Amino acid sequence: MAAAEAGRRTLALVNLAAIMERADEALLPAVYREVGAALHATPMGLGALTLCRSFVQAACYPLAAYAAVRYNRAHVVAAGAFLWAAATFLVAVSDTFTQVAVARGLNGVGLALVTPAIQSLVADCSDDNTRGSAFGWLQLTGNIGSVLGGLFSLMIASTTIMGIAGWRIAFHIVALISVIVGALVRLFAVDPHFCNIQEGDQLLHKSPWEEMKDLIIEARAVVKIPSFQIIVAQGVTGSFPWSALSFAPMWLELMGFTHNMTGLLTTTFALASSLGGLLGGKMGDYLAVRHPNSGRIVLSQISSASAIPLAALLLLGLPDDSSSGFVHGFVMFIMGLSISWNGPATNNPIFAEIVPERSRTSIYALDRSFESVLASFAPPVVGFLAEHAYGYNPISYGAGVSNVGRDKSNAAALAKALYTAIAIPMLLCCFIYSLLYSTYPRDRERARMDSLIASELQQIELERCHRAGGYAGRKDATVIDVEYSAEESGDDDEKALIHYHAEQSGSFSIKTIRIVMGQQPEAEPERERRRTLLLVNLASIMERADEALLPAVYREVGAALHATPTELGALTLCRSIVQAACYPLAAYAAARHNRAHVIAVGAFLWAAATFLVAISDTFLQVHGRNRRGAVRGGSVDGRRIVAHPYAAAAPRLRRRWGDLSAGRGPVARPAFPRTARAPASISASALLVKRRWRREAIARGLNGIGLALVVPSIQSLVADSSDDGTRGSAFGWLQLASSLGLISGGFVGLLLAQTTVFGIDGWRVAFHLVAIISVFVGILNWFFAVDPHFPMSNAGSCDRPASKQSARQVVEEMIKEAKLVVQIPTFQIFVAQGVSGSFPWSALSFTSMWLELIGFSHRDTAFLMTTFWVATSFGGLLGGKMGDFLALRYPNAGRIVLSQISAGSAVPLAAVLLLGLPDDPSKGIAYGIVLFIMGLFISWNGPATNMPIRAEIVPEKSRTSIYALDMCFESILPSFAPPIVGILAQRVYGYRPDDKGKSVQLDRENAASLAKALYTSIAIPFTICTSIYSFLYCSYPRDRERARMQYLIESELQQMEQGSSCFEGGDKELPWIAGAADILMPAGEERFLTGDDDDGGEG
């Protein structure tokens, strides 16, 4: 009972010390502005003060490790409290910058002594399943200290007490309380390692030199642990943003917030971080039990990735207006709640698991030492960026009243510097965490074995000392039992790799069976397969070229139809909705008919739709009744009439094709008295726009039918022609071909948009050309492409379907197959991430319009978009090859990690492109570089992960269905992306259509509005997509193995049926086949597949 009471008292005092330690750290950043005014220091100089303290603190962490090993850790904490209290008092009485720098250095010594001792005490008081919660509570109490220190100093910073500045009073009070806390810890706290030893005694009585040598040996061993190296690497980058956030109070005050409001906002953020740490710790413990090898890691990736869009919204998206305090507080609360999971959920618990208990103080000290080095540079880096990169104008002290305009400009500069110091390190941190999936399980098991061996040796030594009478009755030696549960084995990539090669050998055996039974190893000759893939990729080129046409000429089409961005987006919405609705039709067509013919029919349909878009309106149909040369524009009866783009070609078209209005003249207008003006609500121009838009929408809907037929057939053909080890590369080449189509379509559309051909607008000519080429591609696919399920050269083989089912039977079988596919967890996850991940790509259709509004010419825009699509082409191929490589090395996690990296990188890169670069067309090179890097990184998901995994989790016969279903589900939400971008641009960010002619200033304002709308539509979905990918670590391995076993069973049954029909006396081979089946699929796997497995395992 006494020991338990002493433990509770110690934890309470240790957490109290943590409160004061964090309060002391928060003091100076909270009053940067007042200290800067008192010392005449710039932001770079203020950052240098924190750099000085951090450097000394990092250098003293080895001293902290030595002190914690040799002395009572409670006494070490007390000594650290006395030191930082003395340093805080010195800051309060300093009058020069040098004096404050020396005092902050002494402060670093005290803080370095305290942190490792507190963390190791908390780790010793918890086990593997509760350690996250314990560190969550420690983070909660620490953040309470940050809240108290920052809020208290902000509240009295603007006051004076007996002629002393308020910020100096705050330092005095914190120093005094720290001394009291240090005394309490020194007198009443107890170190468990010293609770049974008399004062001054040591267990082994080693000399200081021997203990120092032991510490060095231990440190070398810790540094060699791969998981420690990875966590230190991410910590070096992950600590940088937190250190940079020390400028947040200064940024808020520069925007115009009062001291009290700034204190309230920073308190909100700190409280959210406190609760977030506790929430992260509990979630980490829960996931560590459910998924021991990956749970904690996934949680940290989600946390670090969420910082990027949230920081962009806070620092770049919200208005620089002090009246929006509620919105700033809400965003800061969400941000603090989301980005504070890493320490309690992952870093600190994993540190305690990968080393023996005796080394915990050393690993915490070494980690703090390494991580503090780069993080020390964060404040001066932020100051440097603000002053030299983003135009911060240092305050001229003594100049009198503050300049509001200058403060707002400085706030904007500081916000950009802060975002740069947050987004880039957090992105690197998220990527580095991925390496833990392969190292953490091995290091954890190695540490458990080391602890077991050390415990046994210590037990033997203690027993020997006890027999010799040299040991004073120590009772705390224990034997550690290590359990190796079957739950962890499922995540072992090395075991999965062995099983993966075994399965590959199994697929080869199936091919051998086919050869013995007289079948060809492949369903078609190599020449036919290559020709078909070439034609299929050519169809993909034209399909993507057709998709790229309309977005490339949004501006010209909008001018021709008098359409706003919302209406232009609605055209794409119409096509996408029809396309999504027709994907089940595509699955039916691919199952019942030759897929090469299905692709050809789809090409004919989209070609017809593209032709209809090109001729969706004519001058004669609209303006024929203008008696005074409406060809040139003008007005009729008070109504303004705009000349149609086909106006100059009207006489020639009439002579060649006759009167398009069938001899009845133009379309009749509403009947009003000749002397009366038509009501404005139903003016001729309004009717014209409405009629044009409807025809465009109908044409785009027909276009969606053709595209829906083509996409699943192409993808399933590519999947059928590759295996698990090369499927990523195959889809990479398909994406490369598709991107060539996007480049060609967009480039041709942009180049022709500013010209006329025989009096016809260039954008219409581009639609005509694509339609004609699409017809030729469809003809080539019809006559020369071959579907492996319908081979031309092997018509009499047993692989050809023996009989055709009725349409009703095919539909019923498809519905049954679709129900099975929808129930696969990995498919559900892919649909969820695809719904969000496809949204940004659809929103990017406005990129051409945005570039032109900035001021880029058609040619420059075409070049920049070509750069982006070329980068996505090579990015897809690169991602596919990297996916294949990682799938061989890490079958259960390789492809997934790659997609998380790709999706996560889109958020900061889009921020740089859309919000960071200046709206200046002379910066074309910078735009091109960012577009190229962005295209190269964000295009890995499809060929590296999505397409290959979809082919692996279902049998071969279901591949068309899974691709069609996936496209059907994924197309629903992205269909709304273009109109949502238009609505955001107009209704939220202030886009104003230009009806009076070209205005450069209005174009620039509209470009800024459209950029913010685009970034909102990119950052939020990609962040969600990155998080959803994490669920695949659990579901994908099980679903892949289940599909492989199902394929083996179905293959054996099919071979038996075909063998009996193709051979007379074929029973001779059947026993051999049955033997092969027993080797490839043991009885236990068969029981699992049929649901007879009694143990309820997960496969």
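Even glycines carry a Cβ here, placed using N, Cα and C.
Where the annotation comes from TrEMBL, it is an automatic prediction and has not been curated.
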Which range is it, out of 14-31, 302-319, 374-391, that shows up in TrEMBL as transmembrane segment? 302-319
Contact set, same chain, for the transmembrane segment (861-880): CB under 8 Å, 6 or more residues outside the stretch: 552, 728-733, 735-736, 739-740, 742-743, 746-747, 750-751, 847-848, 851-852, 898, 902, 924, 927-928, 931-944
Taking a Cβ cut-off under 8 Å, which residues six or more beyond the ends of the transmembrane segment (730-753) line up next to it in the same chain? 537-538, 540-549, 551-553, 555-556, 714-715, 718-719, 721-722, 761-763, 765-766, 769-770, 848, 858-859, 861-862, 865-866, 869-870, 872-874, 876-881, 939, 942-944, 947-948
Best-packed against the transmembrane segment (261-281), counting Cβ pairs under 8 Å over 74-93, 134-157, 765-784, is stretch 134-157
Within the same chain, the residues 6 or more beyond the ends of the transmembrane segment (74-93) and with Cβ under 8 Å of it are 10, 13-14, 17, 20-21, 24, 27-28, 64, 67-68, 99-100, 102-107, 109-114, 117-118, 168-169, 171-172, 174-176, 178-179, 181-183, 185-186, 189-191
Across the domain 'Major facilitator superfamily (MFS) profile' (10-440), what is the average pLDDT of the model, as a whole number? 79
